[in-house]
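Listed in TrEMBL for this protein:
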type: DOMAIN; residues: 76-184; note: domain 'MotA/TolQ/ExbB proton channel'
type: TRANSMEM; residues: 6-27; note: transmembrane segment
type: TRANSMEM; residues: 114-139; note: transmembrane segment
type: TRANSMEM; residues: 159-180; note: transmembrane segment
Amino acid sequence: MAADSIVKAVMIGLALASVLTWSVWLTKTIELATARRRLSRDLRIVEASNTLREACAKLQDADSDIAVLARAAAGELQRSQDTTNHDGIKERVGSLFTRIEAAAVRRMTRGTGILATIGSIGPFVGLFGTVWGIMNAFIGISKSQTTNLAVVAPGIAEALLATALGLVAAIPAVVIYNMFARSIMGYRGLLNDGSAELMRMVSRDLDRVSYMPRRHAAE
């Protein structure tokens, strides 16, 4: 290659960024598809259950975020057996759900930030490599005291290649990032549906007093 070491470093960095983009795409696609499938399956289980106890029994071996929500709700109801303040219980369960949902979304978005970074700076890094390469080509012209294109054209062509590599790295990164953003939004919608269904189930169970202590039952 006729380009100098800085232009070569830029092109190698952009090539590695492109490889990283596609690696993230493959990994997150599998992760999101698996998580969404489990979430949809467990949401149907929750919707078919009449009580939280029944839902937790059916989700005993599940590891989806809805199963985590159900177990968290059951745990809070168990810890709140000594209180008759239903509104306070619902508020605490809702707070737990909010925290769990936020953690789930953070987990789903983990690794996608690098795509936004590559999409944002990739073209500029490529442009830097091009400018640097062309600048060195002109310096070479002045040193050789010739305007023969055969002498300077290879360096200029490879410098322009840096911009092309920047676009090759950035465009897929932006497209994949937006695709993941939509997928994560859909996942969050399913999770919200699950938490809403569980909150309704908690409310029904509290109205039935099925989780409240049966004090003085023998009296």
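Every residue number used here counts from 1 along the chain in the order it is shown.
The backbone N, Cα and C atoms fix where each Cβ goes, and this holds for glycine too.
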Study note, to complete from the structure: Given the transmembrane segment (114-139), its same-chain partners at Cβ distance under 8 Å and 6+ residues beyond its ends are 3-4, 6-7, 10-11, 13-14, 17, 20-21, 24, 152, 155-156, 158-160, 162-167, 169-171, 173-174, 176-177, 180
Study note, to complete from the structure: Counted with DSSP (H/G/I as helix, E/B as strand, rest coil), the domain 'MotA/TolQ/ExbB proton channel' (76-184) has 96 helix, 0 strand, 13 coil
